[in-house]
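**Student:** Heads up, here are the entries from TrEMBL:
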BINDING   125  heme binding site
TRANSMEM  188-207  transmembrane segment
């Protein structure tokens with residue numbers, strides 16, 4: 001918003017209007033009434049989704065609707081959030097910061113699975129409502145009485161290619177008026193001469209996977225598949241997956257295949273297929289077409305229940321949490337935790353977050 005003063009002023013005006021309605025206090029009900037601030041929040045997450053992809057693992061064989069393609073159990077599915085969020089079909093002029101994309105009438109026209117910063121379907125982020133509430137409280141406190149402009153040392157934001165999450169390079173400095181994980185990789189694999197030929201043949205055999213299934217695919221590079229070597233990252237994971245999405249989309253494809261090292265990865269483009277994967281057939285695969293994505297995330301969720309994230313309850317008990325757990329264990333824990341984020345519980349936690357927000361305001365004053 002420091003780069004879009006008209007948007008910032010409009011949000012501030014809404015905040016002050018709603019706060020005045022509630023006797024000068026920021027309240028839970030007031031936050032819910034700040035609709036334009038919500039649009040700004042959504043547009044910010046569209047341009048800068050924290051995660052590069054949504055991941056699912058096919059827990060059983062899944063036949064893509066209206067095709068002869070059968071995704072095998074264990075196939076990993078990756079959905080590119082940046083690819084979807086910057087797709088001109090859903091978001092015209094995607095580089096422009098435009099909160100009006102999320103007005104009620106525009107949201108109604110757009111595919112439900114074109115915007116998924118918190119995921120979708122039964123495995124949508126369980127703490128989404130609480131996290132959004134915290135963020136909006138922070139926005140209301142920070143914007144109500146303060147104006148933000150860009151500091152001269154702040155240029156165009158550049159993203160850190162080696163980070164698994166969306167992270168800016170360097171500092172983002174702002175002027176306020178009142179009114180960094182580098183991953184170091186070492187090549188520890190030493191190929192014995194006697195095994196090299198066998199390994200080469202095996203890799204060539206693996207890279208025939210999508211061709212044998214009749215699925216359109218991008219030609220992989222030896223060993224690394226369709227991704228960059230870890231020690232030579234230039235585009236980063238977000239941009240790489242977005243480029244894959246755009247290449248398949250430009251060819252008029254509803255889905256395609258790529259390789260992550262030696263692992264076949266299915267990439268859906270069609271929204272309905274994505275809905276099947278994420279919800280109805282959730283446990284199965286990775287979409288590009290927004291309808292296919294909708295299938296994965298919603299309609300076919302039962303096929304793509306698991307995320308494929310490492311956890312081991314015995315040797316690493318802290319790794320066994322809601323985000324990583326699978327199957328019945330995930331369902332059981334989700335059911336037990338869901339009541340934590342009801343509207344009543346959110347209201348009871350509101351004042352605690354507001355007290356923390358007071359600390360934020362004190363720091364801004366300094």
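Note that Cβ sites are derived from N, Cα and C of the backbone, with glycine treated the same way.
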**Student:** With every protein chain in view, what's the tally of Cβ atoms within 10 Å of the Cβ of the residue listed as 'heme binding site', excluding that atom itself?
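**Tutor:** So the number of other Cβ atoms within 10 Å of the residue listed as 'heme binding site' is 18.
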**Student:** DSSP three-state call for residue 125 (heme binding site): helix, strand or coil?
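**Tutor:** Coil, per DSSP.
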